[in-house]
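Here the structure is laid out as structure tokens; the discussion comes afterwards.
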Amino acid sequence: MKKNRNDEGSVLKRCMLYTKPYTGIISLCTIVSVGNVALDVFVAYLLRRLVSSSLASMYKELSIVVLLMILTITAGIIFKYLKRYLAGSISTYIMRDMKENISSHLENIKALKVDSNHSGEITSRMTNSVASLQRFFELDLSDFIYQPLILIAVLIYMIFINWKILLVNIILILLISFIAMVLSKPISKYTQEAQLHLGKANSIAQDTIDGIHMVKALNLYDTLGKKFGKEVLKVLEKNLKIEKRYSIVISIQMIMLIVPISLCTLYGGYLAVKGDMDPGSLITFVFLLNLMSTPAFIIPQMITSLKSATGTASHLFEILDWEQERKDGDTLEKLKSSLENKEISPVELSNVNFSYDGTSKVLAGLDLKLENGKTTAIVGASGSGKSTILKLICGFYEPTEGYINLFGNRLSTWSLTEARSLFSIVSQDTYLFPATIAENISFGKPGASLNEIIEAAMTANAHEFIVELPEGYNTLVGEQGSRLSGGQRQRIAIARAVLKNAPILLLDEPTSSLDIISEALVQDALEKIIVGKTVLVIAHRLFTIKKADDIMVLNQGRIVEKGTHESLIKKDGLYSKLYFKQFLTQEGASSNAAREVSGVC
Ligand SMILES: Nc1ncnc2c1ncn2[C@@H]1O[C@H](COP(=O)(O)OP(=O)(O)OP(=O)(O)O)[C@@H](O)[C@H]1O
């Protein structure tokens, strides 16, 4: 049977892997902890000598013991500081590595995984789960070494003083640990569930903020608020269950701690009165019991918080188990001769089948070949798979059957990073980073000079509106470019593509959501940048692709017609139907608008 990578043992092992690079500092921490334990036990030994020498009124011995005690306690303080500092450093390093590991893993995660998980949930794992794991490491790591050691040392010392009292203690400690373990068992599960609901609550909060305008317009506060409240309530329920468990474990421990100390003091006192135990040993025994009470109290708590931490870690490690994009493949250098051969098609899809969910086919036996330096348009009804073709060409997804060639070589053999450097993409929903306009444009060519940026903006018809902004090229665009209009965002994206100067341009309905004036500006910019490039354009509005060299009509995942605009109109097939339907709709819309305008006038 396949072993579950998320069971507690496996999760702990994976956590331990993060400690590997720090074996040196962990060894030092262990040595300091051993020193700490030795000093603590030495204090007990000195106490015994102190009582014995004061009873015997040996002042010289007494002053030596007091001096030793002061030195030992001082050294103990320094060792405790070192132990805490070293453990804190280890946990800080481990958490840094874990965060780096997760974020570098996320960068290379397959698009399918990101698509099928809410970004808010992923962010929640990255922030809440990491933060609670960090708290665990910071608080508990030093105790994981020190507490078991002190417990063992104290037990050994006690054997020499009185093994019978010790036996009673061991039985009680085992009982405490057993009860704590049983009671804390569900904590790991509750923590995982709490993290899951927290992720969902965060996703709803993120949706509400991202779609704030739509939320206001549709009065969705109540609906989303209820959904958010439901998830928060579940988080609360799980956390209350965890707290309930913690409280029971701690209460039982308290009772179980008082009982052995009281019993041992009573029994020891009885032995001292009988003369079977000297007063020095009795006082030392009670001191040792007190020393032992901390690990006896903390170890079960450590087991409980370890369970909680494994729950959190397992939630986090799930991300690390998500499949990654491959990193290997051929470089541009290796494929140079193919890239320079103008006879080879830059992009070719052959008999490509694709399904997102493994059942319903989005593309079925699709054949598509782009000609070097020519513009090919794909048209088709909404949901026919046009954008999916672009995603496959960019290597975000892989075909379930068939193949894709880039400059005559299988995309599956290319390095994905190198392959993507051959494309510039301008899509209907342009993503701008929350940085300045200049930075957003320069992402097309990292390190580009301001002159290059301005030149690109000019080609993209963006320069004029940029210089009119109060801070010009240094204007911050806001989250997802929220401080710019749709048309302005598109022209920034085009400027980015100009700077990138990649040989293949992928345009995914870049003018579909623009008004007539913005559309004209964007269209004009696009016409400038497509010169000499191989272009694949997806269009809803068919009049925008009338000049394309080749038009492919997509229906139910396959190309059903192809040709120029004129030849397809002549053919009187699906394209011509779509075209005239749009034409009539637009005509209708224009005459309605004209009627409205004349009515107003
Ligand atoms: N990430 C995804 N996961 C699952 N199904 C998806 C995903 N993206 C798209 N689909 C489905 O695949 C089909 C094709 O989608 P695609 O976006 O390629 O169509 P399209 O022709 O570009 O549509 P439109 O013109 O409306 O943008 C649709 O049925 C859509 O619901």
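Cβ from N, Cα, C; glycine included.
Annotated features in TrEMBL:
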- 21-47: transmembrane segment (TRANSMEM)
- 28-308: domain 'ABC transmembrane type-1' (DOMAIN)
- 62-82: transmembrane segment (TRANSMEM)
- 144-160: transmembrane segment (TRANSMEM)
- 166-183: transmembrane segment (TRANSMEM)
- 248-270: transmembrane segment (TRANSMEM)
- 282-299: transmembrane segment (TRANSMEM)
- 347-581: domain 'ABC transporter' (DOMAIN)
Rounded mean pLDDT for the residues that make up the domain 'ABC transporter' (347-581): 85
Spatial neighbours of the transmembrane segment (21-47) far in sequence, C-beta under 8 Å, 6+ residues away: 65, 68-69, 72-73, 75-76, 79-80, 82-83, 86-87, 89-90, 93-94, 97, 142, 145-146, 149-150, 153-154, 157, 280, 283-284, 287-288, 291
Same-chain residues at least 6 beyond the ends of the transmembrane segment (144-160) whose Cβ lies under 8 Å from its Cβ atoms: 29-30, 33-34, 36-38, 40-41, 44-45, 83, 87, 166, 169-170, 285, 288, 291-292, 294-296, 298-299, 302
